[in-house]
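So that you can see what the record holds, here are the features copied from Swiss-Prot:
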type	residues	note
BINDING	Lys205, Asp242, Pro243, Met244, Asn245, Ala246, Thr247, Gly248, Gly249, Ser250, Asp313	5-phospho-alpha-D-ribose 1-diphosphate binding site
BINDING	Ile307, Gly312, Asp313, Ala314	uracil binding site
Amino acid sequence: MEGQTARRVITEAKFLDDCLTERDSYYLSKLDELYSSAMSSFAQFEDQQNGARSARAEENIIATYDSIGNLMQEICKELPALKVYSFETQRENHAEVSRVVSKLRNIHTGYSEFIYYTQRAFEMLFRLAYGGSHEEHKTYLITKTPVAFPVQNYAVHKIANVDYKIENTVMCVMLRGALLPSMIVSKEIEEYSSHGYVTPFALFKIKRDDLRDERDMQYVFDLDKSYFSARELDGKDLVFADPMNATGGSLVTIVRYLQDLGVKPKSISCFHMISALKGAIRVVRSLENCTVYTLWMDPVLNARAYIMPGLGDAGDRVNGVDVEDYPRNIIQLLADYGSNISGLYRSQLRKIEETVLGSR
């Protein structure tokens, strides 16, 4: 780690960049050039008063994005630990993921709709990681239905048995934006498990210093406001579900700290709706036996370390905006999700409450 002060662990951007190879840096530079070309056309595209100018800009944007997509596909072939949904699935699935990500990005997508598409996104990511193949052993679901005449009816459904993949998992939550996505993935694990396995939760309070730029960014891990047991993480399959992976700094900071405590994860899986390529590469270069699953890969970061084109602040869009001097704690966040979400994720809420209350 870079440093530890007053129950805080701090990692600096340079620590993360040291893991990048020359080839990584070349690819990232090439993508910066391509995206700069696209940005040069954005203002012209906005100028709807000049139809011909706007049409030419649209053509350039589409052509540039095609080039960006082709280059990122080439990069991901060289890094098998990066799993991008549209690169890993059949072509008939690509329209669905494009529409889901487009709705998440859209500035006009309101809170309820954003939550709906967030749930869809992480369900898709779960299937990408754990959905099972035709070769895997099958198990049967025998379900009692509401039809009771002339006798009580039951339905039988055959599914892949993925218990061995999911029943050693612990959800690792980077507060606060990752709370709901982690509950969604935990719920999927419970539903796919033939034993109704409910994941334990480890809760980590970490933030980056937004007064800094991307090149000198610091990631501050607050141990006093985190809830976890290192002993209960050792030998486990650690799962991180966070809406966005911009720089990878928060995730690497947490895992490196756990490793310093002697934790040896069996595996690490990271689920994201959108990742920046730089952040995704940093994660898989820095951490052994780690796989990044992302619904969409974006090409670049801006100087403030935000993903471009991105979708804004995912934490604010999922949880609402906190008052700066009075940020909500985890219990307040859970309460603000309301009865519909609380009812759906009842088992997950119980585990989270046990983690928070049992750590003090």
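Keep in mind that glycine also has a Cβ here, set from the backbone N, Cα and C atoms.
Sequence-distant neighbours of Asn245 (5-phospho-alpha-D-ribose 1-diphosphate binding site) (same chain, 6+ apart, CB under 8 A from its CB) are Leu251, Cys270, His272, Ile274, Ser275, Ala276, Gly279, Ala280, Val283, Val292, Thr294.
On the backbone, the CA of Ala314 (uracil binding site) and the CA of Lys205 (5-phospho-alpha-D-ribose 1-diphosphate binding site) stand 16 Å apart.
Within the set of binding-site residues Lys205, Pro243, Thr247, Gly249, the entry lying nearest in space to Gly312 (uracil binding site) is Pro243 (CA atoms). Cα of Ile307 (uracil binding site) to Cα of Thr247 (5-phospho-alpha-D-ribose 1-diphosphate binding site): a span of 9 Å. Within the same chain, no residue at least 6 positions away in sequence has its Cβ under 8 Å from that of Asp313 (5-phospho-alpha-D-ribose 1-diphosphate binding site).
Compute the center of the Cβ atoms of Ile307, Gly312, Asp313, Ala314, which mark the site for uracil; besides them, the chain residues with Cβ within 8 Å of that center are Pro243, Met244, Tyr306, Gly310, Leu311, Gly315, Asp316, Arg317. DSSP assigns Thr247 (5-phospho-alpha-D-ribose 1-diphosphate binding site) to coil in the three-state reduction, placing it in neither a helix nor a strand. Taking all protein chains in view, 24 other C-beta atoms sit within 10 angstroms of the C-beta of Thr247 (5-phospho-alpha-D-ribose 1-diphosphate binding site).
Sequence-distant neighbours of Gly249 (5-phospho-alpha-D-ribose 1-diphosphate binding site) (same chain, 6+ residues apart, CB-CB distance under 8 A): Thr11, Ala13, Leu16, Arg208, Met217, Tyr219, Gly279, Arg282. A helical conformation is recorded for Ala314 (uracil binding site) in the three-state DSSP classification. Other C-beta atoms found within 10 angstroms of the C-beta of Ile307 (uracil binding site) number 25, with every protein chain shown included. The most crowded of the binding-site residues listed here (Pro243, Gly312) is Pro243, judged by how many other CB atoms sit within 10 Å of its own CB.
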